[in-house]
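Annotation source TrEMBL lists disulfide bond at C58-C135, C79-C118, C107-C130, C148-C225, C169-C208, C197-C220. For 1-46, 57-135, 147-225, 247-290, the entry in TrEMBL reads domain 'Kringle'.
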Amino acid sequence: SYTPEKYPTAGLDENYCRNPDGDESGPWCYTTDPATRFDYCNIPECEGQVTHTGEGECMHCNGEDYHGEVSRTESGLECQRWDAQEPHMHGFTPKHFPEKDLKMNYCRNPDGELRPWCFTTSPTKRWEYCNIPRCTTHLPVSGLVSQCLSGKGEDYRGRIAITESGNACQHWNMQFPHRHGWIPDRYPCKGLEENYCRNPDGEKRPWCYTMNSSLRWEYCMIPRCGGTEQGIAGISNVPVQVPLTEECYQGKGQNYRGTTSTTASGKKCQAWNSMFPHRHEKTPDRFPEA
């Protein structure tokens with residue numbers, strides 16, 4: 001019954017999120033999913049209303065540094081404690097991830113998601129994002145940017161845009177030839193400019209999607225900081241590290257035996273012999289030929 005004619009002052013233009021009924025949880029809309037009648041929208045509160053919370057209650061980038069105490073999801077569900085396994089079993093325990101500040105039931109981003117989230121106390125909703133406002137001050141840049149490879153190269157911001165076997169890199173803001181989830185607008189602090197090699201997901205070293213339609217992604221050869229022992233000079237004998245013949249599949253891929261272990265959206269794969277964070281029956285013991 002919420003039509004623009006009946007509520008001319010509620011701003012019901014197009015399909016924009018609005019709050020015509022004064023709902024305490026904020027703006028919402030009916031959704032185009034037949035199974036979900038309506039849902040709340042992720043609109044941050046205006047600065048004036050959240051200044052009292054200070055820097056701890058807002059997030060920079062994707063909220064991987066967020067240490068605030070918000071403990072409800074964006075639709076108002078209470079978060080499950082990180083050290084609990086009810087109602088949802090999971091592997092993100094404070095013991096397994098001591099550096100991720102998984103305190104109480106506070107929203108956190110331990111796995112490089114778009115923004116902080118939590119498991120919920122609702123048995124029917126495993127997890128959901130939290131509505132954390134963005135900080136108005138910029139993250140201080142203190143030597144975070146590197147033109148050479150140190151560690152895994154997560155801070156590499158150089159301009160190499162070719163893989164170790166010589167394939168040109170695909171632009172991060174393009175979805176061709178490979179569709180992917182590493183969109184620059186979604187990850188503002190990962191340095192996803194142009195088609196430069198980057199390491200947004202904690203891989204072994206910087207990589208990129210390639211312009212070769214039969215090779216989805218590949219590592220790049222970045223010279224190490226403070227030494228040439230692993231520098232560009234070694235590029236000719238690098239491809240032996242990557243069995244490229246295995247990095248494609250035929251048919252349904254049942255015979256694929258390559259070493260890719262990251263999903264299309266950048267998630268790390270769970271080991272087949274592990275039951276965390278997901279319990280399953282596809283174990284090496286049960287499927288020895290697979």
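Positions of Cβ are set from backbone N, Cα and C atoms, glycine also.
Recorded features from TrEMBL, shown on the structure.
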residue	record	Cβ neighbours (10 Å)
C58	disulfide bond	20
C79	disulfide bond	22
C107	disulfide bond	24
C118	disulfide bond	26
C135	disulfide bond	20
C148	disulfide bond	14
C169	disulfide bond	22
C197	disulfide bond	25
C208	disulfide bond	26
C220	disulfide bond	23
Work through the disulfide-bonded residues one by one (C79, C107, C148, C220, C225) and name whichever has its CA nearest to the CA of C169 (disulfide bond). C220
Near the Cβ of C130 (disulfide bond), how many other Cβ atoms are there if near means within 10 Å? 25
When a 10 Å sphere is centred on the Cβ of C225 (disulfide bond), how many other Cβ atoms does it contain? 13
Near the domain 'Kringle' (247-290), which residues from the same chain, at least 6 beyond its ends, have a CB less than 8 A from one of its CBs? 89-92, 96, 111-112, 179-182, 200-203, 214-216, 218
Distance between C130 (disulfide bond) and C225 (disulfide bond) at the Cα atoms, whole Å? 38
Students should find that the Cα atoms of C208 (disulfide bond) and C118 (disulfide bond) sit apart, in Å rounded to an integer, by 30
